[in-house]
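Chemist: Annotation source Swiss-Prot lists active site, proton donor at HIS88. The 5-amino-6-(D-ribitylamino)uracil binding site annotation in Swiss-Prot covers TRP26, SER58, ILE59, GLU60, VAL80, VAL81, ILE82, ASN113, and the record cites sequence analysis as its basis. Annotation source Swiss-Prot lists (2S)-2-hydroxy-3-oxobutyl phosphate binding site at GLY85, THR86, ARG127, citing sequence analysis.
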Amino acid sequence: MSGEGRPQASVPQAGELRLGIAAIRWHAKITDRLLERALAAASEAGVAEPTVVRVPGSIELPVVCQQLAHQHDAVVALGVVIRGGTPHFEYVCDSVTAGLTRVSLDESTPVGNGVLTCDTEEQALARAGFEDSAEDKGFEATAAALETALVLRELRGFENGRGFL
């Protein structure tokens with residue numbers, strides 16, 4: 001895990017934005033904590049009532065995030081994929097990452113990728129935002145999605161002659 005070069009996580013004031021969060025049910029201890037931290041970031045940003053949807057697993061995240069993107073300014077995907085003894089890990093990770101990127105581009109809506117792809121459960125715990133975790137990916141993914149939504153809002157205003165303030 002390399003934290004070198006990582007900027008300090010800051011949460012923008014984004015109370016006017018609509019946020020959708022999709023979280024998987026697998027690895028509940030970790031995923032529930034990712035969700036708690038995502039909701040903490042949303043609250044800190046002033047987002048009153050994010051839409052939260054639970055899905056069976058990581059493969060289902062892209063299609064649910066695509067639907068959320070139709071009605072929200074920013075979306076966050078939360079989950080955990082832990083390497084096993086078969087190539088399934090690579091298939092799932094590649095599919096989820098490509099799917100979430102495609103949703104973001106196709107819908108012009110930022111999708112914060114808070115899906116942990118780890119070799120071990122210990123690595124996932126270290127990234128999930130617990131008291132003794134080195135990283136806080138649910139919080140970070142939410143802050144990034146909200147900040148990007150605000151940048152897009154300003155850029156779209158620029159197209160209408162407003163520009164950045």
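Indices start at 1 and increase along the chain as displayed.
Cβ coordinates come from backbone N, Cα and C, glycine included.
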Chemist: Around the Cβ of VAL81 (5-amino-6-(D-ribitylamino)uracil binding site), how many other Cβ atoms lie within 10 Å? Please give the count over every shown protein chain.
Modeler: 23
Chemist: Please name the residue among the binding-site residues ILE59, VAL80, ILE82 whose C-beta has the most neighbouring C-beta atoms within 10 angstroms.
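Modeler: Checking each of ILE59, VAL80, ILE82, the winner is VAL80.
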Chemist: Between the recorded positions HIS88, ARG127, where is the Cβ count within 10 Å the lowest?
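Modeler: Each of the recorded positions HIS88, ARG127 was scored; lowest Cβ tally within 10 Å is HIS88.
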Chemist: Where ILE82 (5-amino-6-(D-ribitylamino)uracil binding site) and ARG127 ((2S)-2-hydroxy-3-oxobutyl phosphate binding site) are concerned, what is their Cα separation in Å, rounded?
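Modeler: That separation, Cα to Cα, works out to 13 Å.
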Chemist: Run through the Cβ atoms and count how many others sit within 10 Å of the one on GLU60 (5-amino-6-(D-ribitylamino)uracil binding site).
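Modeler: Total other Cβ atoms inside 10 Å, all chains included: 18.
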Chemist: How many whole Å apart are the CA atoms of VAL81 (5-amino-6-(D-ribitylamino)uracil binding site) and HIS88 (active site, proton donor)?
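Modeler: Spelling it out, the Cα of VAL81 (5-amino-6-(D-ribitylamino)uracil binding site) and the Cα of HIS88 (active site, proton donor) are 10 Å apart.
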Chemist: Pop the Cα-Cα gap between VAL80 (5-amino-6-(D-ribitylamino)uracil binding site) and ARG127 ((2S)-2-hydroxy-3-oxobutyl phosphate binding site) into the table, whole Å please.
Modeler: 10
Chemist: Of the recorded positions listed here (GLY85, THR86, HIS88), which is spatially closest to ASN113 (5-amino-6-(D-ribitylamino)uracil binding site) when Cα positions are compared?
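Modeler: Considering only the listed recorded positions, the nearest one is HIS88.
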Chemist: What Cα-Cα separation, expressed in whole Å, is found between GLY85 ((2S)-2-hydroxy-3-oxobutyl phosphate binding site) and GLU60 (5-amino-6-(D-ribitylamino)uracil binding site)?
Modeler: 22
Chemist: Spatially, which candidate from the binding-site residues TRP26, ILE59, GLU60 is nearest to HIS88 (active site, proton donor), comparing Cα atoms?
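Modeler: Going through TRP26, ILE59, GLU60 one by one, the closest to HIS88 (active site, proton donor) is ILE59.
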Chemist: Determine, to the nearest whole angstrom, how far the Cα atom of TRP26 (5-amino-6-(D-ribitylamino)uracil binding site) is from the Cα atom of THR86 ((2S)-2-hydroxy-3-oxobutyl phosphate binding site).
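Modeler: Between the alpha carbons of TRP26 (5-amino-6-(D-ribitylamino)uracil binding site) and THR86 ((2S)-2-hydroxy-3-oxobutyl phosphate binding site) there are 18 Å.
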Chemist: Taking the Cα atoms as reference points, how far is SER58 (5-amino-6-(D-ribitylamino)uracil binding site) from THR86 ((2S)-2-hydroxy-3-oxobutyl phosphate binding site) in Å?
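Modeler: So the alpha carbons of SER58 (5-amino-6-(D-ribitylamino)uracil binding site) and THR86 ((2S)-2-hydroxy-3-oxobutyl phosphate binding site) sit roughly 17 Å from each other.
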Chemist: Which has the fewest other Cβ atoms within 10 Å: SER58, THR86, ASN113, the binding-site residues listed?
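Modeler: Among the binding-site residues SER58, THR86, ASN113, the lowest count of other Cβ atoms within 10 Å belongs to THR86.
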